[in-house]
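Peer 1: Mind having a look at this structure? Questions to follow.
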Amino acid sequence: MYHFDTSEGPGVVVLACAAIISLLSICIFFLYKRLRLQNFGNAYINGYFMTLLAANFIQAFGTVMNFRWAQLGRTEDGFYCMAQGGIKNAGNVATALWSFGLAMHLFTLLFLRIRACAFSFWGSLLAGWGLVLFIVCIGPIAIEKPGSPYFGVSGAWCWITDDYPLEQIYLEYFLEYLSAALCMILYTAIILRMRGNLLREEGRWCIRSLPSDEESWQLSLRRDLVDYTMLEAIQRMVWYPLAYTVMLIPITITRLTSFAGGDVPFWAIVIADVVFNLTGFVNVMIFLAMRRFFPDPRTLPELAMARPDVRKSLFKAGGISPFTLERSDDAEKFDVERLARSQTPDVMVSLPALAKE
């Protein structure tokens, strides 16, 4: 059991209110049909984004449960506490996992140029949520020690108890940081390829600098309809992992300070957790701000289609060789007849005749 002091009660309420903002944002998004990302139905981006918001919902719901502790003025062990610990762990892990899942899907679609199918989409959903369930359940089932609950009182709320510091790190913190790092790597690779910096020539990947303005036409030869229509969209989708990474920074600082044995004031913990629990709200706001930039992939050509060899040869040669236009036979005949008419003095053409012609 943990009793609140005079400052911790209001701090827990503020944290729960921040979670309610995310919770309501996600609920409105799901209920208001026009806000949904209809365009990406065929590309399954819609499904992955909805799954990410579902993870944000679980994360926020676990924090909203703090209202009970604020009412009691303390946290205490029991089924409610254990449930909150499991829900918070599931929400945080699922948010990290599906942030990576969305980035991985876009990497497969835009970098590898492989379209997803229903089997891979539903298979990844089952595997992903199965992994989340495994991580949450393995603690109480296989790791918990007698007399030392795995999920229980952890300060002003319930989570993985301090008796399991390694599990706190490797079954949540590490996964969050790994997800943020991998997302940034994947999105960077996608942008580099679609801008033309990262190329695949004769089975090998190579990096090149972009041409100058006067040579930008050469870069245009490297891009197809997919590149042009998706480049702007992917440059804006990078805000998702960037926002997730930035929102992890405050809570990372407080956690590392605590692990190092430093004294972290409760107000700093509350501020860091408020920022982190607004993840769902921020994701919805990013979508609402950026959705107009997303094209409909049903109008795009197949992403797996081979690049024309002529473009590669042109690019290696440094551009297009100069060419001339040959005049047609009809044009030559017309010039000869016009010259002959101009050299005949007795041929008079009247204005009415010109009008008829």
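Just so it is clear, glycine is given a Cβ too, placed from its N, Cα and C backbone atoms.
These numbers come from a predicted model, not from an experiment.
Grabbed the feature section from TrEMBL, which reads as follows:
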type	residues	note
TRANSMEM	12-32	transmembrane segment
TRANSMEM	44-70	transmembrane segment
TRANSMEM	90-112	transmembrane segment
TRANSMEM	119-143	transmembrane segment
TRANSMEM	174-192	transmembrane segment
TRANSMEM	238-260	transmembrane segment
TRANSMEM	266-290	transmembrane segment
Peer 1: Between the stretches 12-32, 90-112, 119-143, which wins on the count of C-beta pairs under 8 angstroms to the transmembrane segment (174-192)?
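Peer 2: By the under-8 Å Cβ criterion, the transmembrane segment (174-192) pairs most with 90-112.
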Peer 1: What stretch in 90-112, 119-143, 266-290 has the biggest tally of Cβ pairs under 8 Å against the transmembrane segment (12-32)?
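Peer 2: Top-ranked stretch among 90-112, 119-143, 266-290: 266-290.
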